[in-house]
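Structure record follows, encoded as structure tokens.
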Amino acid sequence: MKVMATGTFDILHPGHGVYLEESKKLGGKNAKLYVVVARDLTVEKRKRVPIIGEKQRLEVIKMLKPVDEAYLGNENGNFLEIVEKIKPDIITVGADQNHDINKLQNMLNNKNLNAKVVRIEKYRNCELDSSCKIIKKIQKTDFTDKIMDNCD
Ligand SMILES: Cc1cc2nc3c(=O)[nH]c(=O)nc-3n(C[C@H](O)[C@H](O)[C@H](O)COP(=O)(O)O)c2cc1C
Ligand SMILES: Nc1ncnc2c1ncn2[C@@H]1O[C@H](COP(=O)(O)OP(=O)(O)OP(=O)(O)O)[C@@H](O)[C@H]1O
């Protein structure tokens, strides 16, 4: 079964791994996991400026164990084009992802796309369980008396 997962994946943390692993599990024994990485423009419109650019975010996602294939999405706001290309059986939406799953399911049905939209409920709680928390921690850190000699 083909499972499609989506997200920004800006600064990676264990929550991203949990989401990708849980997504793949839904596809059963012969599951293939396809990941759509959000474009810089989309991220800027929907939440904030990404720290890591889209090409580098894609490169890292492709290296992760559960991931079989990964693509950058479209920049034009048409989220269904990439679904038409991948033709997934399942599309997963993460625990804290801001997508209305009923609305998304209706849009897919109206286009005769057969993917089933499933919310991944599992959320990994830890000190730095979102990219925003990592960014905020860096912003707050006083590096003045820290040895930074080996950081170029
Ligand atoms: C079915 C589906 C298709 C998507 N297709 C694209 C796309 O083509 N291009 C893109 O930039 N983002 C796409 N996204 C959105 C992003 O992957 C991401 O969800 C959005 O930028 C919000 O960021 P976040 O999920 O990391 O919070 C898609 C999301 C879904 C659920
Ligand atoms: N701690 C977490 N546990 C489980 N899933 C998570 C966790 N954090 C993010 N995800 C999921 O991973 C996918 C990609 O998330 P995203 O790149 O938006 O990460 P984020 O850390 O939430 O980013 P930001 O802090 O910038 O909003 C989404 O489906 C999201 O729901």
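Each residue, glycine too, has its Cβ placed from N, Cα and C.
Note: TrEMBL annotation is automatic and uncurated.
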Fill in the blank from the handout: ATP binding in TrEMBL involves THR8, PHE9, HIS13, PRO14, GLY15, HIS16, TYR123; of ASP96, ASP149, ASP152, the partner in that site is ASP96
Problem - Among THR8, PRO14, HIS16, TYR123, the binding-site residues whose C-beta sits under 6 Å from ligand 2 - result: THR8, HIS16, TYR123
Practice task
Average the pLDDT scores across the domain 'Cytidyltransferase-like' (5-136) and report the rounded value.
Solution key: 97
Exercise for the section: With DSSP as the yardstick, break the domain 'Cytidyltransferase-like' (5-136) down into helix, strand and coil residue counts. Expected result: 52 helix, 21 strand, 59 coil
